[in-house]
Structure formats: C-alpha cells, structure tokens
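Chemist: Can you read through this structure? Questions will come right after.
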Amino acid sequence: MIDRDGYRPNVGIILCNARNQVFWGKRIREHSWQFPQGGIKYGESPEQAMYRELMEEVGLRPEHVKILGRTRDWLRYDVPTNWIKREWRGSYRGQKQIWFLLRLIGRDSDVSLRASTHPEFDAWRWSDYWVAMDSVIEFKRDVYRMALKELSMHLTEHRRPRVAERVDQLVR
C-alpha cells in the first residue's frame, strides 16, 4: 500500500525501560541497529499496526507496554534508489511513519526476538535515549532524531533527557 506521493505507511516504535533507555534491535546478519518498525496493513490503524509489529519483532504483547505518546503527524524518509526493488522504482519513494513512544512495564525477559517465523533482529540492547546514530542506516537518521525529539516531552520530567544539548551533539 503506497500513497500517491510514493510513501508506504509505516509505524516506528521507541520502547523505553524505567530508566528511559531505549530498545535497539540489531538487524539479522547486518551490523546496523534500529528501532522496531513495520508497514501498516490495509484496514489497520497505526495503533493496531504498532501492536502487531511489537509482537512480531520483539515478542511483546499490549499488557507488557504502556503508550506514552505518538507523533502528531507522519515523519517521512526517502529510500535511496539502489535500495528500492526494480518493480517499485518510479512509484516508491520511501516510508511515512507514525512513531510511538512506549514504556516497558513487563520484564526484560518478556522480550523474544523469535516470536515470529521471520525474525528481524538477532540481538538487542538498552541504550541511552540520545544514543549516537552512527549505527543506524544513514537515510533513517533524520527521522529517528525527529521522532526522539518530539516524543521526549512525554517522558517523566525528572528523567527526561536534555533535548537541546543532545540534539546538537547528534547533528554534528
């Protein structure tokens, strides 16, 4: 399902623990790390897609998490042409995403990277909220920064990462 501008609707998930560290999944057989994300199926709401992707990629159910916030609007990124399947070239530009900020209220042991028959990740870790983006594929970095910045306002005040100084460091 691609919109008329060439963007595939998608959800992104920033999963935090009680210390506001974020979940990073390592892509299978790759050296890149990313947040869970996935396409929105026809007839599915962004929230329904988020819960489905969370289960498929991380093995967490709705009772394991609490929604803290979501982006106000779609965040978009373009995929470089050499990454686009030949049959999609000309009609596909990239992804538009609604991002969710979740708090893990379950245990770390509830995470299962093998909940799906087609796992996305082969390792995971908790990292600082404003982790450096050098392990994220380059064309997704700006969207990650925008999502982290917008959603940081939903974290508890005494644990909220300092946005301005960290974003400045990440942009360098």
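Cβ coordinates come from backbone N, Cα and C, glycine included.
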Chemist: So which range, 38-59, 60-81, 104-125, gets flagged motif 'Nudix box' in Swiss-Prot?
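Modeler: Result: 38-59 is the stretch Swiss-Prot calls motif 'Nudix box'.
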Chemist: Grab the same-chain neighbours of the motif 'Nudix box' (38-59) for me: Cβ-Cβ under 8 Å, and only residues 6 or more beyond its ends, written as numbers and ranges.
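Modeler: For the motif 'Nudix box' (38-59), the list is 1, 8-11, 13, 15, 23, 25, 65, 67, 70, 98, 100, 102, 110-116, 118-121, 124.
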Chemist: Mean pLDDT, the motif 'Nudix box' (38-59)?
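Modeler: Within the motif 'Nudix box' (38-59), the model's average pLDDT equals 98.
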Chemist: I'd like the per-state residue tally for the domain 'Nudix hydrolase' (6-149) from DSSP, helix first, then strand, then coil.
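Modeler: Summed over the domain 'Nudix hydrolase' (6-149), the classes give 40 helix, 49 strand, 55 coil.
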